[in-house]
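Taken straight from TrEMBL:
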type	residues	note
DOMAIN	1-164	domain 'PUM-HD'
REPEAT	16-52	repeat 'Pumilio'
REGION	85-105	region 'Disordered'
COMPBIAS	96-105	compositional bias 'Polar residues'
Amino acid sequence: MAERGDQVQKLALVKRVGPYMASIGVHKNGTWAVQKIIDTATNDDQKRVIVENIKQYTPQLLLDQLGNYVVQCCLRFGPSKYESEEASSDAKTRENSSTSASNVDQSKIHLARAASNQFVFDAIHARCWDIAQGRFGARAIRTCLESPHASKLQQKLAAGCPGH
């Protein structure tokens with residue numbers, strides 16, 4: 001259903017499974033199912049439901065040998081490095097020319113997408129000492145820092161962690 005269902009079916013699946021994603025994500029077979037659901041989420045409603053349900057468990061998931069992969073799947077909800085660079089050059093262009101409605105709309109879309117994966121970096125920053133102490137947590141922090149979906153600001157936030 002996650003791969004072949006239409007958007008309505010996918011949203012229904014995400015809403016139904018959402019409250020259990022964290023607990024399913026730490027199971028050896030369940031982690032694959034949750035990762036598939038996250039990877040196939042294409043619209044903002046699906047991503048929002050996923051983030052709402054995983055957000056509160058992010059520090060614990062980052063410390064788990066399987067759960068950290070679930071959190072890492074959510075990184076793609078943010079802009080890629082290419083999109084970040086493109087938005088940065090668009091902002092410079094807007095400063096040098098008159099602002100048009102389409103440029104403003106693109107900027108808003110970029111900011112909304114960046115906020116979709118911000119919860120991962122907020123959790124790393126808030127619980128950095130605990131997460132960095134764990135074998136899987138330290139590896140997850142490194143992966144998040146190296147992700148093409150992490151903005152420079154997010155990288156600075158996570159890299160500023162005293163335990164890492």
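Yeah, the Cβs are placed from backbone N, Cα and C, and that goes for glycine too.
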Are there residues at least 6 beyond the ends of the repeat 'Pumilio' (16-52) whose Cβ is under 8 Å from a Cβ of it, and what are they?
2-3, 7, 10, 60-61, 64, 66-67, 69-70, 73-74, 76-77, 112, 116, 119
Local confidence of the domain 'PUM-HD' (1-164) - pLDDT mean:
83
